[in-house]
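Trainee: So that we are looking at the same thing, I have put the structure below in structure tokens.
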Amino acid sequence: MAKKYSWNPIAFVPAQVTIIASAVYTALFTLLLWNHWTVPAAPSDPVPVKGINQTQAWLDLDFITDGFHPFGSRRNDVVEQYLSRRVEAILKSNGVGYDVVGGSQNDTRLAEKAKAGNVTVWTHDTANTTFPEDWRHLPWTIYTESSNIVVYIKGKRDSDWDWQSGEKYKGHGGVLMNAHYDSVSTGYGATDNGVGVATVLQLISYFTREDNQPDHSIVALFNNAEENGLYGAHNYLMHPMASFTHTFLNLEGAGAGGKATLFRSTDAEITKFYASAPNPYGSVISADGWKQGFIRSGTDYSIFTESLGMRGLDVAFFAPRARYHTNQDSARETNPDSLWHMLSTSLETMKALASYDGGEFDGSVDREGKLDLESGSTGVWFDLFGRVFAVMSLNTLFAISVTLLVAGPILLILLEILLVRNDKWYLFSRKQYLKSSDDDDAVHISGLRGFFRFPIAFVVASAAVMALAFLQTKINPFIVYSSEYVVWAELLTAWFAVAWFILAGGDRIRPTALQRMFCLIWLYIVSWIALVAATVGENNFGLGSGYLIVVYNAAVFGAVLISYLELFVLPSKAKYAEHVLDAVDETRSRPGSQSSRTLLAQSDRASSIRGPAVEDDETTESTSLLRGRDTRHQGTFTHHGKRRQPEEEGLEDSDDPFLIKAYGDEQAWSSSLPQWTWILQFLILAPINIILVGQMALLLTSALHQTPADGNAVLPIYLIIAGLAILLLLPLTPFLHRFKYQVPTLLLLVFIGCLVYNLVAFPFSREARMKHYFIQTIDLDSGKTNVTLAGLDGYVQDIIAELPSAAGKPLHYSDNHQYSRNGLQSCSWSGLAPRVVPEQPALAPFSNKTRKHGPQDWLDYNVTFTNNSAAFSIRGRNTKMCRLVLDTPVIGVEIEDAATDPRASPVAENGSSQVRLYSRTWDKTYHVNVTWDEGVMAKGQAGRVACSWTESEHGEVPALDEIRRFAPFWSAVTKAGEGLVEGYKRFELEIARRKVDSILPENRGQSSWGFEKDKPFSDDKDREQFVHAVVAVITNNGKISLQNYKFRLLFSRRDNDRLVARIVAELDGVIRAKVEPEEDGNDQAEAFDALRKHVETKLEKILRDVPSDGTHAEVVAGPSRMSAIGGGRAIAPSEAPPAYEGDVKRKPLLR
């Protein structure tokens, strides 16, 4: 009987297997976590490369992130001006001659040695464009004016090109490096995208040095309004450099610190340039996630590739997601190492791209301005510990996959045939007769024993972790948000404990030397099926993430191959049977000796393992009833490692290899198997798969575990972790039955602790704050305001409960709010009024008079219409962003002085329901003409005009300030829309009834009046009331009520000049268009001139009586009076009463 221990350090016995396998897993897990958490250290020298200054890069980052700087904020203008000055300062410092387009030309020659024209800077891009919002697939038309900064650096080998001539460039294509400089309205934008901007500044510094001039030209782009919808990249499409650049490197951020990863790449050829970076990092799985739509956000990469046809790379920070777009995306939360990681990888990538002389990235430009380049081959890439970066084409991976699918099984079948011919195929052999089945004696091979243990263990253990994933989703679903590694520990230990219990339990009860080989065969079957799926994904869907399965299958195949080759060292089954039977006969001749007892015991064990019915022995009517009399295998797990028969101790003195080398109670024929091959199999199978699966697991976990706050479902995250946990531990299964019980016992205790914690712990913390989304809307006509928070149901209510302004107010819940996110609950209430329009105009800082703007003054619009078209003029105060929202989509949109992108129609495919307007200047008046489809008349069309405001750092949005002060520490507020506050006014296009221009009082005893069809004016007072109603519409300071015909107009003395001027200017045009002359033949011009003068005189008299102390006066228009009532306390704009109110009675003629 063989011992269950050995002094051989690599023998396949419990002590060695437990120590070696545990050490390998522990070391690799530790190394993976260290590599994932640690960012390569920045050089100690602040100037590691001539032209690169780490200190200056960090100072640039500090300035850029000194405040929130979204598009549409004053701080955004400051950052734009800073970047322009920094670019010119860099060029001066490097002694480079340059031309400035859109700015001062004073610095075109800085030194005698400088070559004028080598650098061109566009500091004030004046381009604009109109295009459909096709990136997000929304029915919108976008008009945006560029505020990009573009720097052209001429390459040494490139020919001269006069971009102003309008001729297309025909030489070697340039390389674009891009970073957007705007942030969101709730974040400082350190990694999104201050680090990228600082990196591009340093690359400009490097490549504009005379000794570093690139071989081929480079274009640096600082684009704006990326956070609004990639609009800066759209503006670049209209720039003369757009057709010049053929490849690009886009720098982005979707986290807050850490390492920058290669998110996406257009092809394998361009990816090889990134592989030259000193610390490359990334996996093609992120690109597959984008491709399949699992990642909802977007980058400028999409515009450059889809709209322009460029080939390039998308490099970005990706974690932690909880800090993304919040005030924790700051310079304080990042570090110089993260900055250096992006800077160093970008530098080497750009150097490689700019020095490449090949023509595979060259191409022409089609009529629409899109590049016609070779497509390249889809790439597959992954890194190993940030030191090695593997790149191949998807076609190569597909060829390898098909080869493994075909060649692997064929080779194993051939080996099986050879083994069968050599009578060494012990698998599935139940017994061996010496000559024929008619012989009385047969030797039991037990080659089927243990065959079904792996599938049972695999299914049960996997079902257990999947059940835990569902349990976690039901009880405490968001614990993964802050405790993702505890979740990992729970699932890993659960799978290990269950799988060990089944595999080791089966081995203790029914030991077999084939368990390792059976597990490997099952592993190969599972990996082969997975490889089929991966190959389909590669061929049909262009997915490269299947590289993991390819490597997995190849490793398992190598381990299985060793097990097949091991069988060749065994004696043939016939020889083994002959040897055993001869040995039995010999020992029977000496029944009283120690050797006789030993051989008889071994013969019995070799013939049949006594005990309960076994999975490989068939019971028949001739089976002995005393078959189970041997109790050697009826012990519990506590007997493992102990001898079950005292008489077997005598085997230690025997020299028979069939009796002394088999492990424990395993089949005697296994004595010939080598004891060291398991370590070779383990090293082939485990390390490479642990590394690849582990890196992918950590990358996916960091990218996904905090996305539930964005509205993503939480169950897929648990299922992904569970699946990857299984993949991590599967390489251990062929050796798991040799593990000592102490390891699974310890892991079982760890599992219990993790399970309890994950079920009861609070899911959010100060380091992992739950993001919730803020937007405030205000009806500028009525002054009514709504604050909306969207967040995880059950937790967003806890946040609102802490806000004083929401106390005692009803909450309105909605899943279809215009700013709702899938999977999140939206809650609205009447909150604190915003103050986004300053009281004192910025253009008059020294004025002693303070002008208060009520909400009704924040937005002005006018509209005229005929047939199926309408013309809008829109102007918002203290904003750059406005929009026109239409209930019925339009098929035509024209914007004054707007350019159109030749690559696309400005209108969405099925019509545009919104026209979004973005200006580079403040308080711009937009003129928009829209056209509905034929048969859709403008009359009766409705919608709203709106503007957005993004600034909040100086008390402009008290509701947001309140959330920042009172919300729990475990929460973080971020923006829900492109602005923090949206103010709107509703409109409905109506025309006065033809030949109906009369007003008759309905009840002269009350302050009410109404319209009545086909009646003449009763007197001048009624006509005067009609004029005031029209004036109210024209000036947008009043509106005929849908509620009642009693109305109020709020005026103050400061409005006098503006109101009277508008009345005089617009009465003729608008009233003449709305009302026909009387049928009695009175001259229309004389009638309206008289009316105009009368109204002007009357209004001036009324407004002269308005107090001058900033208070409001109420002008009451009724059937018998028109007067001014002054006095009262000063009223802030946010407190101004509605312009009209009452109960519904009938529809007015004119609105």
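Any Cβ shown, glycine's included, is placed from N, Cα and C.
Quick paste from TrEMBL:
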- 590-606: compositional bias 'Polar residues' (COMPBIAS)
- 1142-1151: compositional bias 'Basic and acidic residues' (COMPBIAS)
- 172-349: domain 'Peptidase M28' (DOMAIN)
- 452-742: domain 'Vacuolar membrane protease transmembrane' (DOMAIN)
- 770-982: domain 'Vacuolar membrane protease C-terminal' (DOMAIN)
- 12-34: transmembrane segment (TRANSMEM)
- 397-420: transmembrane segment (TRANSMEM)
- 454-473: transmembrane segment (TRANSMEM)
- 485-505: transmembrane segment (TRANSMEM)
- 517-537: transmembrane segment (TRANSMEM)
- 549-570: transmembrane segment (TRANSMEM)
- 678-701: transmembrane segment (TRANSMEM)
- 713-733: transmembrane segment (TRANSMEM)
- 745-764: transmembrane segment (TRANSMEM)
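Map these features onto the structure and tell me what's around them.
Mentor: Same-chain residues lying 6 or more positions outside the transmembrane segment (454-473) and placing a CB less than 8 Å from one of its CB atoms are 479-480, 487, 490-491, 494-495, 498-499, 502-503, 518-519, 522-523, 526, 714-715, 718-719, 721-722, 725-726, 730, 733, 755, 758-759.
Same-chain residues lying 6+ beyond the ends of the transmembrane segment (678-701) with a Cβ under 8 Å from its Cβ atoms: 10, 12, 17, 20-21, 24-25, 28-29, 32-33, 35-36, 261, 283, 285-286, 318, 382-385, 484, 488, 516, 520, 547-548, 551-552, 555-556, 558-559, 562-563, 720-721, 724-725, 727-728, 730-732, 734-735.
Distant neighbours of the transmembrane segment (713-733): 21, 25, 454, 457-458, 461-462, 465-466, 468-470, 472-473, 477-478, 480, 484, 487-488, 491-492, 495-496, 499, 503, 519, 523, 526, 552, 555, 682, 685-686, 689-690, 693-694, 696-697, 700-701, 704-705, 707, 823; these residues of the same chain sit at least 6 beyond its ends, with a Cβ under 8 Å from one of its Cβ atoms.
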Trainee: Test the contact criterion for the transmembrane segment (549-570) and the transmembrane segment (12-34): 3 or more CB pairs under 8 Å, pairs 6 or more apart in sequence, then answer yes or no.
Mentor: no
Trainee: Does the transmembrane segment (745-764) come close to the transmembrane segment (485-505), meaning at least 3 CB pairs under 8 Å for residues 6 or more apart?
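Mentor: Answer yes, regions in contact.
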Trainee: Can you tell me which parts of the same chain pack against the transmembrane segment (517-537), counting only residues 6+ beyond its ends and a CB-CB cutoff under 8 A?
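Mentor: Residues 398, 401-402, 404-405, 408-409, 412, 427, 450-451, 453-455, 458, 503, 543, 545-546, 549-550, 552-553, 556-557, 559-560, 563, 566, 681, 685, 730-731, 733-734.
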